[in-house]
Each structure stands twice: as C-alpha cells, then as structure tokens.
Amino acid sequence: MKGTFVVWVEGKVKEVTNGRMNYQDVKYTQLSNKTEVCSRCCTPRKLFTCFFILIVTLIGLLVTCYSHTSICNKHDYQKVHIRLTKRRLPHCIIIGARKAGTRALLTYLKVHPDIQTAQYEVHFFDNQENYDFGYGWYRKQMPYSFPDQLTIEKSPAYFTESSVPGRVYSMNSTIKILLIVRDPVQRTISDQLQLNFKGLDMGLEVKPFEELVLNPKTGNIDMNFKPVQRSYYDVYMKNWLKYFPLNQIHIVDGDQLIADPYPEVYKVESFLGLRHAIPQSDFVYNATKGFYCIKTDTAYQKCLSGSKGRSHPHIQKEVIEKLKDVFWKHNENFFELVNQRFFWNNKTMASKIGK
Ligand code: A3P
C-alpha cells in the first residue's frame, strides 16, 4: 500500500507511511493536525460516522444506567458524582445494639436498589469531636444517592450513649430508626470476645470470660462490667422513647436474622416504606461460614468478614444462669416498653436452642 494512512492501534490514533502495516512504521500523531492524510482510509464522512456511533453508544449506556440495569447499577455511583446524585443526611439510622447483627442488617439492606449505605461507622452523634464538625461534615460522610433512594448509616454506639437520642432528634425528629437486639447473654459474650480480639491485637493479656464477668469477692455477676451493662436494653430504650414514639423505631430480632434473615429484612422494607426488592433467593446459606450470605451485583455470595460470626468459647453453665437471672427483669421491662416479646426469657424455647 502506498501513501499515508491514519490507523487505530491499541486504542491510539497512529500514522502509517508508505507501506505495509508494520508496527515499526507506526508513529503517534494527533488526528486534528493530520486530516489531510486521511484521504484514503479516513474520509471526513467515515470519521463523522464513527463519531456518530460513539455518541449514540454513550447515550445508550447512560439511558441503561438510569433504568437500573445490572450493567450500571445505581450503587456504582457511591463515589462518583453524577447528575441527580448528591450526598444526603441519613433518612434512617441503625443505632445498635453492638454485636447484635448490625453489620449483617446493613449488608442485606445495601442490596436494595432504593437504599444507599454509609461505608463505615460514622460515630457522628456519640463522638463529641465529630459532632462539633456539624451537619455539613456528617453529610459529607454519606454516599451519593439518587433523590428516590434512602440513605442509611449505622453506628452501634448510638443506642447506649445517653446524649445521642436528643442530638438525633435535633437534626431530624422524623428520622426512621432501626434497632437490632439479640439474646443479651449471647450479645454479652460476643461483646467480650470482640474486646478480647482487640486486646490481642494490642498485645494485651486476655482473661477468661468467667473471670471478667464475675465479681471476685462475691462470685456474683459484676453488674458494672461494660459488656453486661450494654445488654440492659430497657435502660437505653427508655431514653430513646423520651424523644421518639415507638412507631418510629423498628426492632429487628437479631437471633431471627441469623436463623432466617429474609422475614426480618422484609419487615424492614415495609417499615421503610420501600418495595420488596430483596427476594428470598438472594439469601444463600453458607455452610462453611455457618451463616447466611447475600447475592449482590458483583458477588454470587457476599459473606461478612471473619470478625462477624466468630465461634464463641464454652462458658460455664452456672455463669450463663447467673447472667440470665441478671437480665431477666431488664428483658421483661424491655418487652413491655417495645410491646413485643423475644424468646430470651422463655425457658422452653431457650432450652430448645441450647442457651
Ligand atoms: P458473633 O461474632 O458473636 O457471632 P455486629 O455486626 O453488630 O457486630 O454483630 C455481629 C454479630 O452478627 C455476630 O456475632 C453474628 O452472630 C451476627 N450475624 C448475624 N448475621 C450474620 C451473618 N450473616 N454473618 C455473620 N454474622 C452474622
């Protein structure tokens, strides 16, 4: 072939002079300066056609994106600011309880096309330094969302910090609140286990649960031991109910969420006023993990990290019984406050599941 040609090689416009399409013959050029060399292979008409096809393809892709297809799901825009999306203060917060399944709940809800979730625990209302940064800072911690999507943030410390309900109320008195609770005995063990792992990371000595939870002088449960205290659900609930009516707080059963997450997530969708867009088939039981995982756009099964669903140490039966006794009255108070019973004080049910 004689003459000069402009060709498309490896995604770049290149020029070939006098001859075969030999790679050594190719040198980089800018298309705009070389329109005269396009006379044989790249006529203006051909270029226009290419440009036209490119534009049509781009428009097609954008239209596809807006109509929720799997090619370009709305969730992909968490970090990308595109038209119509912006960061919004949360419409809903998961306030706790710590170690009751807050991460699992958020992970499941994230699959919903009408929900965007904050990437990490923001600790806005419970951390004075963060709170002092103001609502503008808080909003900037939120993901980009479309106008018809709900933004959800979870920070489990919100439930137990006494100043939090008033602060949340001041920001948005109609915000929707999700609280997940779990058998307080199991939650307490899980809480201490988490602290043990943190301690190990820092090179600290780790003591057996029994030693930490019992008062060495009396042999009774140390009622001021933090992991025990954090399971007095009634105490914290009373504080939240000073600011918010019960119908603004939906309570998720954390033990049910472990055993069969779909019905619990279905109820949350209803509470949030959303369509039921997370089908039962999206929850996949993973026998190796021993927990449910969820199908997402990018993963056949998204399981929670290794720090969730740890196997608990064996705890002496007498200590379990003592904990149950301590929690019994708190549990009854809680059931009354929320007008809902959980199995924790139900001897038959508890013995059935070996707790
Ligand atoms: P354990 O690790 O003690 O089993 P949080 O996210 O609030 O810290 O709660 C952690 C708890 O979530 C875990 O406590 C686990 O029991 C529970 N959980 C519920 N669903 C889970 C899931 N699908 N995968 C892992 N853990 C889950």
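For all residues, glycine too, the Cβ spot is worked out from N, Cα and C.
Residues or ranges marked as active site, for sulfotransferase activity by TrEMBL: K99. Reduced to three states, the DSSP call for K99 (active site, for sulfotransferase activity) is coil. All protein chains considered, the CB of K99 (active site, for sulfotransferase activity) has 24 other CB atoms within 10 Å.
The feature 3'-phosphoadenylyl sulfate binding site is assigned by TrEMBL to K99, A100, G101, T102, R103, R182, S190, Y292, K308, G309, R310, S311, H312. In the three-state DSSP classification, R310 (3'-phosphoadenylyl sulfate binding site) falls within coil. R310 (3'-phosphoadenylyl sulfate binding site) counts 12 other C-beta atoms within 10 Å of its own C-beta, drawing on all protein chains shown.
A coil conformation is recorded for C303 (disulfide bond) in the three-state DSSP classification, outside any helix or strand. Sequence annotations record features per position, and here TrEMBL assigns disulfide bond to C293-C303.
Under the heading domain 'Sulfotransferase', TrEMBL lists 90-329.
Summarising the annotation, TrEMBL assigns transmembrane segment to 47-69.
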Can you check what DSSP calls C293 (disulfide bond), collapsed to helix, strand or coil? strand
Around the C-beta of S190 (3'-phosphoadenylyl sulfate binding site), how many further C-beta atoms are within 10 angstroms, looking at every protein chain? 21
Given the binding-site residues R103, K308, H312, which one's Cβ is surrounded by the fewest other Cβ atoms within 10 Å? H312
Long-range neighbours only, meaning 6 or more apart in sequence with Cβ under 8 Å: which ones does C303 (disulfide bond) have? N286, K289, F291, C293
Can you work out the mean pLDDT of the predicted model over the domain 'Sulfotransferase' (90-329)? 97
Within the same chain, the residues at least 6 apart in sequence whose Cβ is under 8 angstroms from that of G101 (3'-phosphoadenylyl sulfate binding site) are I180, R182, V252, G254, L257, I258
